[in-house]
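Student: Quick one: this structure, given as structure tokens, is what I'll be asking you about.
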Amino acid sequence: MGCELGKLASSSSSKKEIENGTVSEPAAPAPPDPRLPFTARQKYTMVASWKGISRAIETTGVNMFIKRGKCVLVFALVQLSLETPLNADLLQSKKDDRIENKNWKLKNGLYWYEQHNPLAFNDPPTTYRLPNNTLPVRYDIFLKTDVDKHDFNFYGQVRIQIRAMETTDTVTLQYRDMNVTKVTFLDMNGQVVEHDVPFEYVEPRYYEFLRISLPRIMTVDEKFVLEISYSGILNERQFGFYRASYTERDTEIYYAVTQFEATDARHAFPCYDEPGIRTPFGLEIQHDKSYNAYSNMKIASNITLEGTDYVVTKFEDTPLMQTYLLAFLVAPFEEVSNNNTQLPQKIIAKPSSIRNAEYAFSLPKLDPIMKALENLFAVNFTLSKLDHAAITQFAAGAMENWGLVTYREIALLFVPSEYPETDEFLQRRIITIIAHEDAHQYFGNLVSPHWWTDLWLNEGLATLYEYYIAHLVFPEWDFMQWFREREVYECFKIDISTAATSVPMSRYVEAPKDIDDKFDDISYGKGGVVMRMFQEAFTVSTFTKGLSKYLTEMSYKAAVPDDLFSSLQDAFKEDNPELVFDVAEHMGSWIYQAGYPLVRVSRSGNLLQFKQQRYMSGDEIYSIPLTYASKSQPDFNRTDARIWFTQKEIQVPQTLFGSAIDEWVIFNVQQVGYYRMSYSSELWYRIAKGLRHDLDKIHRINREVLVDELNIGYYILDELLASDVLEVLLYLDNEEHSEVWNRADLLLFTITEKLFATAVYEDYLKYLQFITRPQLERLGYEELAGDDHDTRLLRMILKTHNCHSLDDFCLSHESKKLELYMQNNQNPTPNFCLAFRTATLTTYIHYLNEITSNPDLYNRYSIVNGIACSLDKSHLQLLTVIIEDEKNDLENFERVMMIEYMLTSSIVGLEVGFDYLERNLNKISNFVVAIKEAINTQEYSEKLDALLDAALDESFISTEDAEEIRDAIKLNLEWQDKHFEAVREWIEDLDDKINETTEKPTTTIPSTTPDSATGMIASIVLILVSGTLIRFFV
């Protein structure tokens, strides 16, 4: 049979024997590994049905959904053709305005249901799914733990009321890392029918099946009871029923706690451990009287066992719920309550955390968050209490157990630090985590997915509402901006066709390891982002109405996406009776397909032409809810779908978006849509004009998005010229928001690097001065005590680029700070690279002496790097002499760093640094990275070629390194071939462009050629010190 018979006990181990501790722990079987790969040939039988049409399909290798195993599945095809509106403003589309590519419905649009698939008992299993020839009606669980005594064994007994779903003489359950000692068969009145029922651990054991042979054949709908006695060990893996600890007064205290999602309830008791199976649970726990027991429900009774230190804590029955939501905690914890009589909520934690009031931040947040959810969905929280427990070792982070939410301590408790920004971040995270777990009390607990295929029904909706509810309750924190930063942009990065992380939201998984992998950024982040898009596309009120229907109609049930679609369809129809619209059709294109679209828009005569494709390649077609605002229609608060873009290409009259043919128009208002926009150069120039002249009309979020999409068009897609970027970013002199500057930061760095040491570089630095100085003057150069995070971030970005532009405004500040720092290093520390750019000869020589003679110099690393940033050629020449003098105390890596900084920090530095390379050809291999970054011109490229040839002849550099440098320089020159001339022409008109809106800055870029006096002194110094000791300058 391929199975090992379980060891049968000679007599029944009673509950009383367990209580008294007289049952010894049997030797545990070899622990099964639930995460071993399953490599059986993929083969599936699928039955498709739609409106009475059914057919059987047999296929192989549908690895979009099932990676391993054999099972029988049922899916429902979505209707293949329905009239859907193209443009809500134009009321209704024509018949041909529908999604053209329906292949996603066949590849990915499968609602996967398990059909009865009994285990073939004469063969090893080929699926991790239960056969479902029986289903549970109720569990009654008894557990005994002596964790207080550091005894990590636990003993249990579970009675499962079972209904036969078909004629059968076996029951198959799931287990993990436990030893079953006895199975007893009882009738529904609790009378024992058979004391010793045979059972076996099914081989191979990684399937985790416990098969029980019934004493007789059970008929359909017949009910019976199995009582199973077993033992296990509180593990240290922080999953299942496990042990955790903390130290109190130098004593290590152990306690027991659970974490069952996704497949670990089977470690605490044998069960039907699948998310679509719901039953009530009864629970009793025997523990030491010095410990408290907590579970999902309120305590029904506490009974002390006479003559012992044991207490049996019995809990009220749970509602119908799945196994992974059951939770219990046995610990000497203390608690604090919110004193709300309608819904008592407590924070439970180790005693020191309660004494130190680490709950003080979180406790007042509990009521407002839950009340906001109840009011939003018009559905009350259904249990009589809600506890929040802080666990000292908790790998899951937080878990939504119904009525007993468990958290990692840092996710619930707050201890102030000396760093305000860290404190603010931690407080934000605590609020969103509480809101996430509270949202799960609805999405996941009240209604749960039928199978892990559709985990996003839990996690996606909970992710959206953790931010949405937090934003409603605490608007001053701007949590929806955080949603965009932490979820939207993260999804844009991981959900691309070239990434293994890009998979459909709904995809079938079966093995425990694959189920665990479903708890990823797609189920959470993308699920939340896509739900957010449809929340806005349908309107918040319609979407919320649909969710309220979904929660009401599916309460205490297992759901599939069609259940959600149906509720949203009803709500949409009620609010839009005149529109023909298929919710399942439109939402399905996002849920059953990976990735997200790139929408290209360009002008063709009086029409705007739209084309869609999957971002980073792919032929998927999505149903895209386009939103827009324009110069004549600048309503950036209207975020409902204006056009449903369901084809590969469409053309729309320009007049739909505005009265003037040449006015700016911006799509994806406030970035509520999960798609990227790519504008043609012509449309970008219209937008650039709007940013300069209509800045107050364009929403801050869309300005941030525009800069981000500008970066995509230029850097990722390579469709825009650098001159286009400069044109659009010219408005930044009036931009006050750190989020926008944060998006522009990398873009400016990229262009600065490419234009370094070219013929237009100094003119480009004037451009940087123009866009950065006004906002830096507004903020003030130095940080103020009351500055918030955004102000500090904005100042940092502005200073970086303003100082890179060699603006007097920056350099004079840093130079003065350096002089003060030289007098006393307790004064504010300057940015040494910036400060040394215009440092006096006296200051420069002082620090040359310091770095060559004082190995313990405070801030030595920053000074060593910064001293190579000077704009004075004679200073740098002096520095190279010191670098070449191996008698001083400079470390070799410091010599390398200084030359690297010299090569990449200024034009004069590149000149002096290149002279150094020519004199020290044997060291050229130390500077591969710096050389690749610094060389952007044909002149230096030719010089470098000769240098590399000479170095190769002398074997001073490897062929691989030389080729790496040449390949990088080739790319740099190709960039110049494509972009330089356009930038040169654009920058020639910079003064005119600046004068359109404001006066240009009066500062000049410091000369990179030293004045005559300084140059003469430095030259004399060089003659005197060449080959002598630096101490001469003291």
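From the backbone N, Cα and C atoms, a Cβ is placed for every residue, glycine too.
From a predicted model like this one, the values you see are computed outputs, not experimental measurements.
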Student: Which of GLU409, GLU418, GLU459, GLU476 does TrEMBL put in the same Zn(2+) site as HIS436, HIS440?
Tutor: GLU459
Student: Using C-alpha atoms only, work out the spacing between HIS440 (Zn(2+) binding site) and TYR524 (site 'Transition state stabilizer') and round it to an integer in Å.
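Tutor: Each residue's Cα considered, HIS440 (Zn(2+) binding site) and TYR524 (site 'Transition state stabilizer') end up 12 Å apart.
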Student: Sequence gap of 6 or more, C-beta under 8 Å: which same-chain residues meet both conditions with respect to TYR524 (site 'Transition state stabilizer')?
Tutor: GLU459, GLY460, THR463, GLU487
Student: Measuring CB to CB from HIS436 (Zn(2+) binding site), give everything in the same chain under 8 Å that is also at least six residues away in sequence.
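Tutor: Within the chain, HIS436 (Zn(2+) binding site) has Cβ neighbours under 8 Å at ALA398, GLU400, ALA462, THR463, TYR465, GLU466.
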Student: How many neighbouring Cβ atoms, not counting its own, are there within 10 Å of the Cβ of HIS440 (Zn(2+) binding site)?
Tutor: 25
Student: Mind looking up the mean pLDDT for the domain 'ERAP1-like C-terminal' (664-970) in the predicted model?
Tutor: 93
Student: Could you tally the C-beta atoms, other than its own, that fall within 10 angstroms of the C-beta of GLU437 (active site, proton acceptor)?
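Tutor: GLU437 (active site, proton acceptor) is surrounded by 26 other Cβ atoms within 10 Å.
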